[in-house]
Amino acid sequence: MSIQISETLTFECETGNYHTFCPISCVAWLYQKIEDSFFLVIGTKTCGYFLQNALGVMIFAEPRYAMAELEEGDISAQLNDYEELKRLCFQIKKDRNPSVIIWIGTCTTEIIKMDLEGMAPKLEVELGVPIVVARANGLDYAFTQGEDTVLAAMAHRCPERDLLIDENKVIQNQTIQNIFSLFSQKKKEETLKYLELKNHPPLVLFGSLPSTVASQLSLELKRQSIQVSGWLPTQRYTDLPSLGDGVYVCGVNPFLSRTATTLIRRRKCKLIGAPFPIGPDGTRAWIEKISSVFGIKTKGLEEREQQVWQSLKNYLNLVRGKSVFFMGDNLLEISLARFLIRCGMIVYEIGIPYMDKRYQAAELALLRNTCREMCTPMPRIVEKPDNYNQIQRMRELQPDLAITGMAHANPLEARGINTKWSVEFTFAQIHGFTNAKDVLELVTRPLRRNNSLEDLGWTNLIKKDNKIKVI
């Protein structure tokens, strides 16, 4: 009996509500990434409670973020918003002296029409500290889009690339080559290697990653003779990369479509549409795409990928043949599904709150090719999924694992479906060759837990009524 496998991806769109964290949660990782910044969230008590509980850091501990709490006087326009924000920002400058203050707008600032963009330039002149305004409110599709909003706002603050300066650098490099006789042999080799790496247009990568992961990706590109000119965001606001005509940019996360649009339209950069460096297959495709744009032939990438797959053998034996269902939460679903299919899993459905098909075109193409290579059915992709309909489909399909938001995890577990919180993939280190193990560690944890319970014989839930004797 022959099984016919669909050759194309199926896209559907339902009319469900968005079930996700508030995008102001981006403060959790961005304030740690941009070390000389201060985030001021302008919202209500609800926003403060969310930040305090979700981030696990007490506001009273004075981290590098704070709440500007709106009161009844602000909402009824009895107070002067500008004067109140001015007082707070001067206090922040006195206490913390940041290089940049980032205002995070919320739902309330949208509803009462606070003109944050109008107030920021005026206050910036008085304060002497740059103020970046980002509207990371709950009107977005997914909580990860908070980072997208902040990076899009910061892209406007990146310095303009000066072609004259770049030409002067070339002249200086040529002068250095002319006086090589003054250098040692080791110094000559280092300088030649540097000049060789710079023999391509500037490359800026955008997306917030831990410093160790960003260094790993930069090193992987350096092995292919590609030098990364800068990252957006940087660890220090004062080190933002230069942008402009002739600068190539490439994203590392699938939820940064707004930033990509800003870089293309406003800063005139050239976007490299590549799959995202999640999993060994995605990382290899990401490097190959960047190399092909610069006309550089890759070397040793296939062997590097095979080494990683070899090191994951124990995990692959556990997940091979298992099925997974993505309910949709953080916009990482397409990349994770592609990687898990490559690991031998069957993906029934990819629920995703929203997808920019232009920005994720390369990722979708790689997903399609991976399904053909692994001879597995093409998963259905459902935008804005309705959770009620999803539950009905899961009852029929009975997947081995459901990757879902925190709100649905316990109800699904009670119905006998293994779950994994999708938010964990957001905070885990999942990019690059070396972090593929962490992805599979998260995916296999529920499966390994169940295997351990079966070994103990704990397979049935037994309810026993104890009769209490009254003496």
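Cβ from N, Cα, C; glycine included.
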| In Swiss-Prot, the [4Fe-4S] cluster site includes Cys22, Cys107. Which of Cys47, Cys158, Cys250 does it also list there? | Cys47
| said: So, three-state DSSP: helix, strand or coil for Cys107 ([4Fe-4S] cluster binding site)? | reply: helix
| Around the [4Fe-4S] cluster site (Cys22, Cys47, Cys107), what further same-chain residues have their C-beta within 8 angstroms of the site's C-beta centre? | Pro23, Ile24, Gly43, Thr44, Thr46, Phe50, Thr106, Thr108, Asn137, Gly138
| said: Taking 10 A as the limit, how many CB atoms besides its own sit near the CB of Cys47 ([4Fe-4S] cluster binding site)? | reply: 23
| Same-chain residues at least 6 apart in sequence whose Cβ lies under 8 Å from Cys22 ([4Fe-4S] cluster binding site) | Cys47, Phe50, Thr106, Asn137, Gly138, Phe143, Gly146
| Within 10 angstroms of the C-beta of Cys107 ([4Fe-4S] cluster binding site), what count of other C-beta atoms is obtained when all protein chains are considered? | 17
